[in-house]
């Protein structure tokens, strides 16, 4: 296969500069081309680290991320073998070939770089080094804004109204024209609100574009040139310098001391060394490939651009983000269900009327309803059933809650995700930095069988400075200082106390550094030793290793008089999880002085007991060890990466245990209250961490997450592998109590990997769970396992490793101090304290509660009471007591502001003491709410409004008996009297809705418990409702075109008494609900 750049050789002058060293070979640009590279799988990186195994690579996370993306891509394509971005990356071999081959493949000279013509041609073929903007969906979005939800029904109704005006109108009625215009105006207003809500969501592309540099230095035409990063092409030679943001995916071809910060992609806080030769078969994990968006933190070199724009790793992620369409949120599903239900019911009733007209009315009462009137009746049915104010109420409610959450330092990336919080049943939380302060300090230390608190150890050292034990005890502080990735801020005064000086590094290293400095100045401990090689601590290896060369003469700590030291001394120091390092050790320091003690089974048991004792108290335990290296191995540390790795593996054993340190990370001050409130709200609060199980369980117990005594806490052995699924005890809220068998469980990541499906079924029914020693892949598995069992899962996290689980969760919650990738993957960001999640949970439930109230308020007058005049008119031959335009005015004018005022209601007392909503069973509009709206509120309103309208006609001399079953033959009824009666009906509904508003403000509390003073917006809303009614009824323009009329004063005050009665009846209902929770009335409560 020929390279597309081979065409450059035709009529090109570039050969003169390249012929001496470069020949064309096949170029493999296709991302779908398969090579011998291994597939990227999550399984390949799961499981515990075998202490005797080779070192896992320092950054494994990126392949996990892209694997999950590949799975999603393949799933969406419908083909198990569909090629996705991760598989494409696995096929690349740029890291495997030599530098010379890479240069030849891209036809570039290492001395002169590309020439101008080459750059122009490649830029024309490949395009700019920019991530393409997602394909515009503006037209589809506009159609969705206008015709989504109730929009299509409103549009069809408007068209029918215009048709009924002309040509069907005989004569054309102005009221039909006005009806069509008003319906279109309502449609435009709803579309505007839909557009606002849609455009308020966050965008992924902007944040990714911000990760790219503006310009870079390249080698072109034999000279260094500054070019815009967007103009980079494949084959460019980029000059890499410290502090530079990498503009494209590159193969390192030259460099010295290069280190790159890959935290944006991998989550590892420590820089990764750059090499010229490959270190891994996986292109995402090898060190001779540097990826776009990462940073060079030290060194300098040259990189060969191998991928630009959309073909880079960042470009692939951006493409997936643009192509992926997230599923509907719980609120969107509820609204869709409501819309479908309303539309189906409206259509059914409308069709019933049409059939009845064709089969009966048209033949028996030929002059009663003509075709135009029938269509207007159909429109009336649609108008009656559609709560036109609901979309506006939804948007305003969500926006108000999102604004309130912002005031509490909580950022929501989309409005509709707010409501999902209210239905959360499982909250998975990290430990460090979430439950704890991430302000670690060394609480205890131990050397072999003697343990001390930090102050006791310092005193012990001072007392033994002159005796034989002193040189052994001093080694702990020395190793703690040498094998450490943290360092004090040298720009600050060195005279400050160690606890006050700023430290650069993670919390664990910082704690150990301060501990060492409290014993002996860290600078003095580190000065005799020069770093030769280092392997940073990460979540895979769970240890740090450093090789150092002795610079000074003598035997500075941690060397001792009994050490066999060569003329040029090299020291290996290691620090990490005891269960990982202990199998690599063969001896342990004697705290009483002298040569180390052999690490017998008894000695191992002593050390393990100390570790477990500390871990049970919530301390994080680390083991420190050392070893003198033979000089003969040192040259191997300067060879190829594979040789270095092999050398270290071969020598990272036979270590001497220097001691143990116990680090404590205190709980946040408000975490106990936060956990208590979550538990009280019926939310299972789970801990998912990479820490030791005993430490994790102890912290969970301190936080109130684990409440069972230790002897009642289950482990993996309590999960029965062959238990029939139907025998699994299901979790129920509220929990039965401490006696429940499946209450508390502590399980580790390696144990999770071996669980069967039925064991997962059992695990997900526990009330209190601590997941310890988990990997990022297992966090993802945990989220999916609970989701598959009908739980609404919230996941908190702050690292890039958490991104897959944050995205997979029903709602991902990132910490404001977390990584950019975590914040991008999350749905919500907590900028301040973790305790603010309680506010988010409360307002998540509040928005759902308030939307139910808004729907309940809109249905009686805006649906039921509007439908009944049409039903009575068609089936009983009565005059229609409410005009079609008045129906619209109720829905989009008089009822809107009161409905919006309900969206501003404060949380009711006890909102967080309820059981979480079951999204599969507890719907926004259920039969209880419909019963309350149509029977308890709708029937009284309809009866009272009809009674007032017919009473008005009776006072005008038109008896009800002359109207019933008249079917157009209504003696004595004039159009003017009918218009007045319709207005009486209209104003009666407006005023009775006041009682509905005051009653609907709370679901169970009395008006004296949930006082109107907590929401002063309801009173202006009530005033606006009657004012709008009067505006459309008393102005001559509307009287002429809308056929509205003013009403006598008594028709304002009598409905007030009806409104008060409605409120009192509902107060009595709430009293029964509160005091007799098992009564029939309570079971019927919405």
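Every residue gets a Cβ built from N, Cα and C, even glycine.
Look at TrEMBL and you will find 1-52 tagged as region 'Disordered'. Summarising the annotation, TrEMBL assigns domain 'Cation-transporting P-type ATPase N-terminal' to 93-166. Among the features that TrEMBL reports, transmembrane segment is placed at 138-165, 177-196, 338-361, 855-878, 925-953, 1016-1037, 1049-1065.
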Helix, strand and coil totals (DSSP H, G, I; E, B; other) for the domain 'Cation-transporting P-type ATPase N-terminal' (93-166): 43 helix, 3 strand, 28 coil
Beyond the flanks of the transmembrane segment (1049-1065) by at least 6 residues, Cβ under 8 Å: 936-937, 940-941, 944, 948, 952, 984, 987-988, 991-996, 998-999, 1007
The transmembrane segment (338-361) vs the transmembrane segment (1016-1037): 3 or more CB pairs under 8 Å: no
Same-chain residues at least 6 beyond the ends of the transmembrane segment (1016-1037) whose Cβ lies under 8 Å from its Cβ atoms: 889, 893-895, 897-898, 900-902, 904, 983, 986-987, 990-991, 993-994, 997-998, 1001, 1044-1047
PLDDT averaged over the residues of the domain 'Cation-transporting P-type ATPase N-terminal' (93-166): 86
Outside the transmembrane segment (855-878), six or more residues from its ends: residues with CB under 8 Å to it: 338, 349, 353, 356-357, 361, 365, 368-369, 377, 380-381, 383-390, 393, 887, 890-891, 895, 898-899, 902, 924-925, 929-930, 932-934, 937-939, 941-942, 945-946, 963-968, 985, 989-990, 992-993, 996-997, 1000, 1086
